Amino acid sequence: MPAYATNMRFKFPIVALTLEIITIILFAVFAVYDDGKGHGHDSHSNDTHHEEPPMKLYPMFQDVHVMIFIGFGFLMTFLKRYGFSSVGVNLLLAAFGLQWGLLMQGIWHLDNGKIKVNIFKMINADFSTATVLISFGAVLGKTSPVQLLIMTILEITIFSINEHLVASTLKASDVGASMIIHAYGAYFGLAVARVLYRPGLRDGHDNEGSVYHSDLFAMIGTVFLWMFWPSFNSAIAETPETQLNAVINTYLSLAACVLSAYAISSLVEHKGKLDMVGQLFPLIFTVTLFQEFKTKTNGFTVVFVPLCSIGTHSERTLAGGVAVGTCADMNIEPFGAMVIGFVAGIISTLGFKYLTPILASNLGIQDTCGVHNLHGMPGILGGLAGIVAVALGKKEGGEAAMQAAALASSLGFALVGGAVTGLIMKLPFWGQPPDQNCFDDSIYWEVPEEEDENEESLAHADHSKNKAEA
Amino acid sequence: MPAYATNMRFKFPIVALTLEIITIILFAVFAVYDDGKGHGHDSHSNDTHHEEPPMKLYPMFQDVHVMIFIGFGFLMTFLKRYGFSSVGVNLLLAAFGLQWGLLMQGIWHLDNGKIKVNIFKMINADFSTATVLISFGAVLGKTSPVQLLIMTILEITIFSINEHLVASTLKASDVGASMIIHAYGAYFGLAVARVLYRPGLRDGHDNEGSVYHSDLFAMIGTVFLWMFWPSFNSAIAETPETQLNAVINTYLSLAACVLSAYAISSLVEHKGKLDMVGQLFPLIFTVTLFQEFKTKTNGFTVVFVPLCSIGTHSERTLAGGVAVGTCADMNIEPFGAMVIGFVAGIISTLGFKYLTPILASNLGIQDTCGVHNLHGMPGILGGLAGIVAVALGKKEGGEAAMQAAALASSLGFALVGGAVTGLIMKLPFWGQPPDQNCFDDSIYWEVPEEEDENEESLAHADHSKNKAEA
Amino acid sequence: MPAYATNMRFKFPIVALTLEIITIILFAVFAVYDDGKGHGHDSHSNDTHHEEPPMKLYPMFQDVHVMIFIGFGFLMTFLKRYGFSSVGVNLLLAAFGLQWGLLMQGIWHLDNGKIKVNIFKMINADFSTATVLISFGAVLGKTSPVQLLIMTILEITIFSINEHLVASTLKASDVGASMIIHAYGAYFGLAVARVLYRPGLRDGHDNEGSVYHSDLFAMIGTVFLWMFWPSFNSAIAETPETQLNAVINTYLSLAACVLSAYAISSLVEHKGKLDMVGQLFPLIFTVTLFQEFKTKTNGFTVVFVPLCSIGTHSERTLAGGVAVGTCADMNIEPFGAMVIGFVAGIISTLGFKYLTPILASNLGIQDTCGVHNLHGMPGILGGLAGIVAVALGKKEGGEAAMQAAALASSLGFALVGGAVTGLIMKLPFWGQPPDQNCFDDSIYWEVPEEEDENEESLAHADHSKNKAEA
């Protein structure tokens, strides 16, 4: 049985400062500016980038940067009492992760013993943090910052091994990283969540809900991810022409995904509370993530049922971006990209409806943000689409077997790596929060007492009103 | 009399899936990647773009993309109970619209029977959706997603006809699309709103209000539109030099517009509720859109009066971007752009104050977001400024008569097209929401019960539920 | 004693319209488009830019633009009742400031008597507004829009003198403007705040708090600033290579700063209210700005203590961007940048904890947003780092003495200019708000009555509380 703890007054500073100081020392030893004279052993074989203007990729980098910090950060703000942690811990993990990712990815491509930092490597560093942020979604609300820093180190280290294997050894294609980021990050997180299974949360938690405005904050994250996904999938393409293809494919896949995700959501959702109101016979655009817990438990009160609605619903419009990742730069033609997005929207939506409850009840995988539906299955779909596309000759020099091996490798590293990481995170030292403090900012942050959605504050409100009247 | 309905369980998925499948088939037949070897019959005569690096316009495209999905989406979140629909339906319409726009604009410029997709065409596709999103503002809260999908198809189809006429036949100049997007979108939407006139909403609606944080969400949309407007007006300029001019003109016009809009708002506003508070003698920065309903009805309770304040107020700072659109790439000199923005800010603000109530009471045009003030009048102002600028020789080879014809054409297509579209949207099948469900997310979305403004509003909820049950 | 006033019905429009009309006339006389044929006397010696494509810097400009309007605007929305003013007045000041900045910076570099407007000059104009927005943070909630417009004129005028002195006379290096923007803006604002000292606010103010969602809005501003800071520090670098270095240095400095700021926050914070709750033994990520007032006064009720938490806490993750500004384009090596960011995070955090209360109680400087900790001290640190880096030969041709002179000049102009400006702002005419109306949007904006945190709703709240107790 793990020891729970909430007091991190010394643990967190010690861990954070130690990690940062070690990182700075490693940078002092290994990192230099790229002077443009290197040999270009970058992953994804982008030797061509080295003769280009040093700032050429900078706008792409900033789009990816927005996805990492605004997109992922605000995507997870749907929980009514966990918004500070979603954005704030996202910032912490990504800020540390990008430094660690620069090192871990850099050591595979040393140039005279040095890591030559450039925009291309910074994009890849941002990418490596995406795996952590996806996994963060699976364990959101149930882990401490110290646990998550440990996860960051391990997940990025293992990621960089798998990435090197896929790109340099297998020479598989995965420009938009359906396999090495999305599938990897999702199954890594699910493995961690399985190891950290909390029976006490089987029947849900009071704070596992959303409020109206928390869902709107989540939409900020969703829409920024949706808009900039073409940059994510094309940033490290090898030529301007394949980059254009990747942009077009992702743009169209995402657009088609919106239609299918909305349509299927509307079709499969039961009417939830809206039946009760009587006069409302809604087109229910949306499923609710935690609704599933209700289905499962039969005892969850209706008040907390329709949660996370727009957040998770709109998330699934992103599945098209995930699924088209691997073959984004291939000649799959615009309609091919749209078919992939269309299918991804359907799969993702059905997953939220039918698969998440099964995972939770039968397999003990409590997936807070439904990353399996958004990143996991669409990631595998992307990997499979890549195998098919390569087999059909849509990528010069590609080999379907290598694509399949890359998918298998990504899943294998994810599941084994995630399980081991979960076990390490379970060590008592790291201060896992007890069940009753899950999904609650106030365990780690100073939360203003006078809150919008806070019953406790009502007494104060009363008080100040009386004062005003006096 | 139209049949009202709220149950869209089958209608919406059938319509959405059918439209998407048809679209994918059309893409399979017509759309290919641009290989850079085309003949370049693009609208706006941008043959030059074809020899340029394929990704050159990509940063511009992403700015426009942010305006479409964040800008327009969040601009409309000011309604206290309609934020999900504003952002979510905006995403739906724009995602479908950009696909449809690529097809509709593409068929005028086929190259060997194919539409060659590139960044330039993607920008134009995003542009075409802007017309729909402007019209959406006029009917916000009073139409179903199915109705709006129908509007999207018709409005973009008619837009592409008018755009072709203006650009290729009349050879008029409208780089920032004051006429073909803003005036067109606004009057199209107003015509639709006229046809869909709801006498039952003459006295306002309980949900037609804003709350403090919904206005702040609207500011996100406003500010992103404001910032990226220079990209909107310059994205498809023909040369880097005219592109620079368009950026400078728009930047300065917007800046001047802020000052005049704020100043005039402060001058013309009556003091509203603030008088009651006694000690507050405010500089009222802002008018309130729905306030106008009060002026009109004399019976609207003061509680729901001061709505949409910052949202609509700050919207008018955008009028400068609209009005300078047509002549953004002309040599009107920086101060000329500032004068246009300055005048646009005044006109837009006075429109909110004096014209919107007249439109609503005398003409039966219920313009939820005041698009007439933000896009309609500034769009016409932009068209007129273009006529004058061309007449003064500020654009090489331009003809003032052709500019005037372009403005007339845009308005004509808008009014006729909008009226016909409104009649089609009025067909009972599409499920127009009944009056009492207007401006309410919960008709289409699963809305969390525990809301911000609502420990308090629970009583209301209770109340309205009782009403519903009664 | 200053005369207080809240009625700005005529003052504000007269001042705003007069300023804008004068500005337009000055633009008519001086401003023309840059035709690329100028002599290039721009500050920061960027002659090279003139032969480059006119739109080359545009993506950088837009990043800076987002920082100015979204970043600074939303950074200050943490106050529960001052969000409209934060974003709206930020827009007003920046919109006017960028016009004034174009003129003031332009007159030092006339080309045949004309200011040739281009993207580079627009970036510098945006930069000049940043000084005003930093100072705005120090006096947030305590000044009227008219006062702030006066401050904008004076601060930008003085800024452009100091900038010219630093760049052209002293030829000091300050690419990311640690000294001429951050230190200058902070100490200018602090001097103004000192002159406008309000004894009546010594014990805090009811509205000086945040609510849960206002802190999340502030995170939007914080994260956009954090992400785009590399653009801020590199936008006007002289060569692509130094631009790359500036990006890398800023990116790494910011990342390191996150870790140290979070760690030190966690270490130094007392447990505040969380102790009271009993079961929560938090890792307190955050200090609270206004908490300090409590420490000072010993009489401030606990209800209003834990404010501004995430806002101010996360702000300090930005200190790394400020501090690395001056030497961002120097060869300080990646780890050097990280050390600077690491130290800046510590200094900024300790400043919030220990220095802000001293400033307020002993020196009478009421610094609403803690700009001293975010911009002041990190700015000086940046200036000192620049002196050291130049002394160590990290910048070709640099002279440490000139760097020191630049820092002294920036501080001197800030303190003297701020004091004089404060005295002018204190003139009765400008309508300083009385103490009881500070930090309150409703003095200047129509605020919706049905608000999140609204007293009327308390009755309802009461109701649900009773229900909860039952």
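Even glycines carry a Cβ here, placed using N, Cα and C.
According to TrEMBL, the protein carries these features:
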type     : residues  : note
COMPBIAS : B:457-470 : compositional bias 'Basic and acidic residues'
DOMAIN   : B:55-278  : domain 'Ammonium transporter AmtB-like'
DOMAIN   : B:317-441 : domain 'Ammonium transporter AmtB-like'
REGION   : B:449-470 : region 'Disordered'
TRANSMEM : B:12-33   : transmembrane segment
TRANSMEM : B:60-79   : transmembrane segment
TRANSMEM : B:91-110  : transmembrane segment
TRANSMEM : B:122-141 : transmembrane segment
TRANSMEM : B:148-167 : transmembrane segment
TRANSMEM : B:179-197 : transmembrane segment
TRANSMEM : B:209-228 : transmembrane segment
TRANSMEM : B:248-268 : transmembrane segment
TRANSMEM : B:335-355 : transmembrane segment
TRANSMEM : B:375-392 : transmembrane segment
TRANSMEM : B:404-425 : transmembrane segment
Quiz item: How does the domain 'Ammonium transporter AmtB-like' (B:317-441) divide up by DSSP, counting helix, then strand, then coil residues?
Solution: 91 helix, 1 strand, 33 coil
Quiz item: the domain 'Ammonium transporter AmtB-like' (B:317-441): mean pLDDT?
Solution: 88
Self-check item: Per Cβ pairs under 8 Å, the stretch of B:91-110, B:148-167, B:179-197, B:248-268 packing most closely against the transmembrane segment (B:375-392)
Solution: B:179-197
Self-check item: Spatial neighbours of the transmembrane segment (B:179-197) far in sequence, C-beta under 8 Å, 6+ residues away
Solution: 127, 130-139, 142-143, 151, 155, 158-159, 162-163, 166-167, 172, 322, 325-326, 359, 363-368, 371-372, 374-376, 378-380, 382-383, 386, 406-407, 410-411, 413-419, 421-423, 425-426, 432
Quiz item: For the transmembrane segment (B:12-33), which recorded stretch in the set B:148-167, B:209-228, B:248-268, B:404-425 gives the largest number of Cβ pairs separated by under 8 Å?
Solution: B:148-167
Quiz item: Which stretch, B:60-79, B:122-141, B:148-167, B:209-228, B:404-425, tops the Cβ pairs under 8 Å count with the transmembrane segment (B:91-110)?
Solution: B:122-141
Quiz item: Considering only Cβ pairs under 8 Å, which range in B:122-141, B:148-167, B:335-355 makes the most contacts with the transmembrane segment (B:404-425)?
Solution: B:148-167
